[in-house]
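What follows is a set of notes on a single structure, which appears directly below.
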Ligand SMILES: Nc1nc2c(c(=O)[nH]1)N[C@@H](CN(C=O)c1ccc(C(=O)N[C@@H](CCC(=O)O)C(=O)O)cc1)CN2
Ligand SMILES: [Mg+2]
């Protein structure tokens, strides 16, 4: 029997707690505000940004919405970020990724004031995380840790294999897992004998961006499998990086797609916005 981890339900529970928290902050005269920056017209990004604004609105977090054309220059985007950094009414800044190819994502992230880093992706915040003293955290990895906690799945001393080494998921998740006393392997496209490496995992996290790449041959009997992938097939169906039916023959816990990790990313973004607002002096 596989327990399906309910990310949607967990995210909803967190959001209702955050709503109360927001009301308290407002009573204290603090109006939390998240700046949401979207460059270009990538349809998936438009959906994610809309969902983020909707989540903020439901919780009572104000958003400052900025949509820029696809041909925006690096100078223009950096100037916008400088303005948001200087705006005392803005507590958190989010730049939706990916950016159009003419823009340098790392330089953009680096320009955000680390104290307003809603996504926790600024090198200074990643540095704190890797030193075991986290401040702002990347939202998807944080959401994964919260789901494991929610389902009381122990991490300390466990073998964790993460497939994928992105700055958004794999690398920061490795740091969070190390900080939680796991034994961590980060595998990727150049890893030899990948299915054999993966099948050592008590907790297998898959963030490859390759639809249904992982089947039961990658999974140890009784493992927890966290599927970070979101892939839309030609027939319109949304699938993860894990073949779900096949994983269910082995996994004890499994995150579905949709309704697993995705909704937690947005809930964590909301939580971080409130935390940054609270830590600010305005
Ligand atoms: N600045 C950022 N850019 C990107 C991030 C991020 O955390 N910060 N992550 C991804 C996209 N993303 C948020 O931005 C995101 C992706 C998916 C979901 C989600 O809830 N997915 C649903 C399915 C939604 C659908 O139908 O398409 C689910 O899994 O249930 C939330 C956030 C890249 N860019
Ligand atoms: Mg680029």
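Every residue, even glycine, has its Cβ placed from backbone N, Cα and C.
TrEMBL lists 5-119 with the feature domain 'Tetrahydrofolate dehydrogenase/cyclohydrolase catalytic'. The domain 'Tetrahydrofolate dehydrogenase/cyclohydrolase NAD(P)-binding' annotation in TrEMBL covers 138-280. As annotated by TrEMBL, NADP(+) binding site applies to 164, 165, 166, 230.
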| Are any of the binding-site residues 164, 165, 166, 230 near ligand 1, with a Cβ under 6 Å from it, and if so which? | 230
| request: Among 164, 165, 166, 230, the annotated NADP(+) contacts, find the widest CA pair distance and round it to a whole Å. | output: 16
| request: Give the residue counts of the domain 'Tetrahydrofolate dehydrogenase/cyclohydrolase NAD(P)-binding' (138-280) per reduced DSSP state, in the order helix, strand, coil. | output: 53 helix, 26 strand, 64 coil
